[in-house]
Amino acid sequence: MFDTVLVANRGEIAVRVIRTLRRLGIRSVAVYSDPDVDARHVLEADAAVRLGPAPARESYLDIGKVLDAAARTGAQAIHPGYGFLAENADFAAACERARVVFLGPPARAIEVMGDKIAAKNAVAAFDVPVVPGVARAGLTDDALVTAAAEVGYPVLIKPSAGGGGKGMRLVQDPARLPEALVSARREAMSSFGDDTLFLERFVLRPRHIEVQVLADAHGNVVHLGERECSLQRRHQKVIEEAPSPLLDPQTRERIGVAACNTARCVDYVGAGTVEFIVSAQRPDEFFFMEMNTRLQVEHPVTEAITGLDLVEWQLRVGAGEKLGFAQNDIELRGHAIEARVYAEDPAREFLPTGGRVLAVFEPAGPGVRVDSSLLGGTVVGSDYDPLLTKVIAHGADREEALDRLDQALARTAVLGVQTNVEFLRFLLADERVRVGDLDTAVLDERSADFTARPAPDDVLAAGGLYRQWALARRAQGDLWAAPSGWRGGGHMAPVRTAMRTPLRSETVSVWGPPESAQVQVGDGEIDCASVQVTREQMSVTISGLRRDYRWAEADRHLWIADERGTWHLREAEEHKIHRAVGARPAEVVSPMPGSVIAVQVESGSQISAGDVVVVVEAMKMEHSLEAPVSGRVQVLVSVGDQVKVEQVLARIKD
């Protein structure tokens, strides 16, 4: 076994790999870019090496720098995690030349499976079923149009290189195919540097089911059951589970054999995942889609039902050991479901979010696991993937796993950064999800019905009472500075605070000291109230009913969470709210953290409502920000500037 392993990744997967290395007594080495200098994976590793600045191509994707870090620290092996260099055949080959063990498959396996056309042809030779279609190198648009008539509509255009849904197009009308091919080639070339396309017949009501395989260098291959990954948004998985509620035992055995044959066709070594497409209408029929030649984000659900540590077996296989079990030894126990917590705002079309994590609260308990990259103080920016945390629940059956996951998410809060936790719970409560009636369109269909929960009265009241407590604390015993509310003449005046949330804003009035106060939200009833505040908990009693909240505050931004959700309250003193309405210019505000890649207007020019003012890139997506009104524009940013969420980028005045 190795004594030092370098983890060539970041975020939750790096933390998770380091956890296994620590358990096995193996020295861990982290690598990091400048924004990640204080990241959790860096702090938890035994050693760490700086790679370079934020752009991945200058840090995490720089093969030379990663191998140099391994040489400097004496690492005998490199674990690539997922993403970055994990499926890079050149990196695997470079590791071999440097005599460092790449904890993944041989370079040839990565090359074959990374080319969708070559992969389909390779697995078909081993009797693995493939989707009817046409997959040859060098197919022109005219050839693809001709072939589509034979394949049968609807057809799915797919790029030979890459993944993540980029370059994919669903075409149901033959007249739209030529235009879709042009668009798909352009996106494939932009994303992967390769515009090779192929066609597949589109499977109606498709379900995405994948099989985990493990293979050693001695010819042994086993599968560890399947995972259901149909709950996706824009081809990105959100909730995954194992086993699939769709497959019967006979189909499970057949699809497992097909996955093992897929691994054998490229002499696979290590952990890999074979993805299949299965029609919800024909669950006994499955087709090969692709093989991911790495550990998957969703591997914890397989670990939960098998009791195996997949990272440990990557290490053992990489060190030359044989698998310590045969196919008949593997028993699937219970059901496990994983939810991915992203930095995104579901109420704003899932725009990426960001900011500084003020506090993080993660669940624990029977059957609950959390794989996380977060610490208080972590800065979530736009340089990397928005995945923050994975919450996994294991139960005796699917119903128990669903309930445990929902309860775990209710105890999950990331204060300081907007996340999708509320949306995840919305999905778990959906009837189709509860009964397992899934396909890859379910999540997108249900997204349209999601509405974020406005801040309830008690949360707004808690915000006002917290403000009263903070004022009293700052007074530090100064009788005249404390917010008692008493004024000359014997009457009591309230301290008013405007509490603004994305969906609701109210003025909260508080009379008296925080331990014995009265509170009013808007024009509602005046209630007796009190508040007690500790470092992580705020206990508020209103009319005899006590509620406990988790909280964090910075720069008059207060975050409050309980089992119902998380709310971001912005405080403004009452006198600052009443301004001359016409005097304030309209603003163009960034809805997410990112980088300015274009400024489309000149500062001082006259523009019209709807004109694009600034283009911001975040998470590899471009967002054009338009003028809300007509007028003269003052641009406040330049191309290349890094901007924060809600940062004012331009002002427009009549």
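Cβ coordinates come from backbone N, Cα and C, glycine included.
Summarising the environment of ALA148 (ATP binding site), the number of other Cβ atoms within 10 Å of its Cβ, over all protein chains shown, is 21. A helical conformation is recorded for ALA148 (ATP binding site) in the three-state DSSP classification. Under the heading ATP binding site, Swiss-Prot lists 148-209, citing sequence analysis as support.
Annotated Mg(2+) 1 binding site per Swiss-Prot: GLU275, GLU290, in sequence order, evidence recorded as sequence analysis. The Cβ neighbour count for GLU290 (Mg(2+) 1 binding site), using a 10 Å radius and every protein chain shown, is 20.
If you look up Swiss-Prot, you'll see GLU275, GLU290 marked as Mn(2+) 1 binding site, on the strength of sequence analysis. Long-range neighbours of GLU275 (Mg(2+) 1 binding site) (same chain, six or more residues apart, CB within less than 8 Å of its CB): HIS208, ILE209, GLU210, CYS229, PHE288, MET289, GLU290, MET291, ASN292. According to DSSP, GLU275 (Mg(2+) 1 binding site) is assigned to a strand segment.
The Mg(2+) 2 binding site annotation in Swiss-Prot covers GLU290, ASN292 and rests on sequence analysis. In the three-state DSSP assignment, the secondary structure recorded for GLU290 (Mg(2+) 1 binding site) is strand.
Taken from Swiss-Prot, the feature Mn(2+) 2 binding site covers GLU290, ASN292.
Annotation source Swiss-Prot lists domain 'Biotin carboxylation' at 1-448.
The average pLDDT computed over the domain 'ATP-grasp' (120-319) stands at 94. The domain 'ATP-grasp' annotation in Swiss-Prot covers 120-319.
Here Swiss-Prot flags 578-653 as domain 'Biotinyl-binding'.
Residues or ranges marked as N6-biotinyllysine by Swiss-Prot on the basis of sequence analysis: LYS620.
With DSSP classes pooled into helix, strand and coil, the tally for the domain 'Biotinyl-binding' (578-653) is 3 helix, 38 strand, 35 coil. Cβ neighbour density within 10 Å is lowest for GLN172 among the binding-site residues GLN172, THR196, ASN292. For LEU204 (ATP binding site), the same-chain residues 6+ apart in sequence whose C-beta sits under 8 angstroms from its C-beta are SER279, GLN281.
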